[in-house]
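TrEMBL has this to say about the protein:
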type: TRANSMEM; residues: B:6-27; note: transmembrane segment
type: TRANSMEM; residues: B:52-74; note: transmembrane segment
type: TRANSMEM; residues: B:80-100; note: transmembrane segment
type: TRANSMEM; residues: B:121-139; note: transmembrane segment
type: TRANSMEM; residues: B:159-177; note: transmembrane segment
type: TRANSMEM; residues: B:189-209; note: transmembrane segment
type: TRANSMEM; residues: B:247-269; note: transmembrane segment
type: TRANSMEM; residues: B:281-306; note: transmembrane segment
type: TRANSMEM; residues: B:339-363; note: transmembrane segment
type: TRANSMEM; residues: B:384-407; note: transmembrane segment
type: TRANSMEM; residues: B:413-436; note: transmembrane segment
type: TRANSMEM; residues: B:448-468; note: transmembrane segment
Amino acid sequence: MDDHDERDPGTTRLDDPWRDETESRDTDSGDDQLPNVPEIPALRSRGTWESSHETPGASGRICTRPGRDGPGTASAGAGSREAVYLEVHRSPAFREVRRRYRRFVLPATVLFLGWYFAYVITSTTAPEFMARPVAGGLNIAFLAGLGQFATTFLLTWAYARHARLRRDRAAMELRWAVYEQNRHHGDTGQEQVR
Amino acid sequence: MTGDHRSLALLLFGLFVAATLAITTLVSRRRRGSPEEFYAGGRLFSPMENGFAIAGDYMSAASFLGISGLIALYGYDGMLYSVGFLVAWLVVLLLVAELVRNCGRFTLADVVAARMRERPVRIAAGVSAVTVCVLYLVAQMVGAGSLVVLLLGGSSATAPTWTVIGVGALMVVYVVFGGMRATTWIQIVKAVLLLSGAVLLTAFVLVRFRGDLGALLGTAAERSGHGAAFLAPGLKYGGDWRSRLDFISLGLALVLGTAGLPHILSRFYTVPTARAARRSVVWSIGLIGSFYLMTIVLGFGAAALVGQQAVRESNPAGNTAVPLLAADLGGGPGSTGGAVLFGVVAAVAFATILAVVAGITLASSASVAHDLYASLSRSGAGRFSEVTVARTASVGIGIVAIGLGLLARNQNVAFLVGLAFAVAASANLPVLLYTLFWRRFTTRGAVWAVYGGLVPAVVLVLLSPVVSGSPGSLFPQADFHLFPLENPGLVSVPLGFLAGWLGTCLSEDEPDEAKHAETEVRALTGAGAV
């Protein structure tokens, strides 16, 4: 049951998210090219995602834990790391990823929370309305309740699909860019939370 | 209840305990003492495994026995609970899971502390996480105690006491020796057991009615004595304005609380990437949604086959509706088939409680060691390693939970769970959402958001009719209830958001642009994630 102990952590971490997707990506996501990629030097020098994907050994290093830097480089590393994150934050590529995320998530959240509270409030304040029969012994209340289940499943599917096709690849590109930039500055980009 | 029920249920439950202890031993033999291993199980679980574990963490005995019992007694109104419990997962999926996985390491406080001054934020988030965990833990312990009486017919006064102590001891053993890895496997085993039990019973009910759901609902409505009203809202929450407002308050707490539960948040760190976290939530939504659909069938099945009166006689709150239904489906009380199914359901319910408490104990010990101990011990890292502190903390939390569980053993379980959700929604969710989505959020805002939700939630409960002023309350003699609702969510959740906003506006220090940029980039891309 603990078979994943034996997997090599370095490659698993990177391969795992893409494992079931390498085939579908080419046909399915033609619209997923990164906009204005050259803003970040690391992206320009590296070329496309496909070329890096063929060298999992190199990209696997993104995820390995960093060794400790000497105390002398620590403060310089922090400053440059800040600069890297600010630069990526301003880049059109990142803004596009954020825009795609927000444009899906914010309206969806307003919709499903609105639909849920409408359901709860109608159920508690207007039970007579909810009891009105519709068809085949089912009333409005039952249709609305089962509708909540249906919309939850549907939105889950839609969100997962949207994230997979519209965001995942661009996010991975940026993750790689940050890593490259930080390595350039002598910092691995790993966040030391404590 | 006959002796058959009891011995079979005990045998099956004994098997489950043996299996879980075997898992714990297996895992602890090659344990490494790193926090990565103890809190996050090595971070290499697959999305499917983690999806089952999340479902196992979430589907407590309250939902298995409680919701179907409510449906059996009040019909449609019980269904409102399951809808709230499920829709809550959309908040987790869309707003929380991936971003939290990318920004944190082990706990909720990690996410906030990455952007803010670490010490005050960590202490605040740690305190609220431990509060939520202890409330949830006590609810499950009380549930375990009353389950023994209900299912095994033990009329002696000591049976619930020993059950609470036994459950507490087992959960500490799982956590101390197995850490997150053993806890996760226990959740997976339990989720599979619980889902299999539910599928089995649902299939029996559907076969009994020849797959005709209309006939099932019709029979349930007819036997309930309420007729068509049984299939519409209003039987339980349709009274005066207070009970209606109370339900809206509960609905708010349910839908927003899940995303603030520490033991759910810590599950996202057991998978390698944010994408894997998303896929585990998709798995768990599928599993949890199907499970709640089945509890609806089981609840109406119990109303149709067992009948309200028999359910109410066995337990006024309806908690035994599913076991009674199982006995009926197996061939009626007294038959061998009935005893077998009854025993299976009882054992599954125990397994459910045991797994859930292990998950919560682990999450709270992580908060104590990783957030509180590390911030409060002045010498930085302190004399003891974090994992040692976490193991010690889980023993301490076990003792506290046993003590409170014994004190509160006459309390209603659903209320305690609803309270834990309300505190999670008021204290944890505002600070989490502000940190992830608000550029101008500051340290003072974060601290105020936590305490501004936590304190009103706890105070309003103390002033509610649950604690004093009504026959069913904790102190029936005294009356100091100034707040009319049982669930504080309607007031305390907006207060949490308001306090966070106010604290930010009144902050002296400027928001840190660079830290915000870093948080946003990390949250959405996974850069620098561990």
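Each position is counted from 1, following the chain as shown.
Note that Cβ sites are derived from N, Cα and C of the backbone, with glycine treated the same way.
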Residues of the parent chain within Cβ reach of the transmembrane segment (B:6-27), under 8 Å, 6 or more residues beyond its termini: 151-153, 170, 173-174, 177-179, 181-182, 185-186, 189-190, 193, 339-340, 342-344, 346-347, 350-351, 354-355
Top partner of the transmembrane segment (B:247-269) among B:384-407, B:413-436, B:448-468 - counted as Cβ pairs under 8 Å: B:413-436
Stretch among B:80-100, B:121-139, B:189-209, B:413-436, B:448-468 sharing the most Cβ pairs under 8 Å with the transmembrane segment (B:339-363): B:189-209
Recorded stretch, among B:80-100, B:121-139, B:189-209, maximising Cβ pairs under 8 Å relative to the transmembrane segment (B:448-468): B:121-139
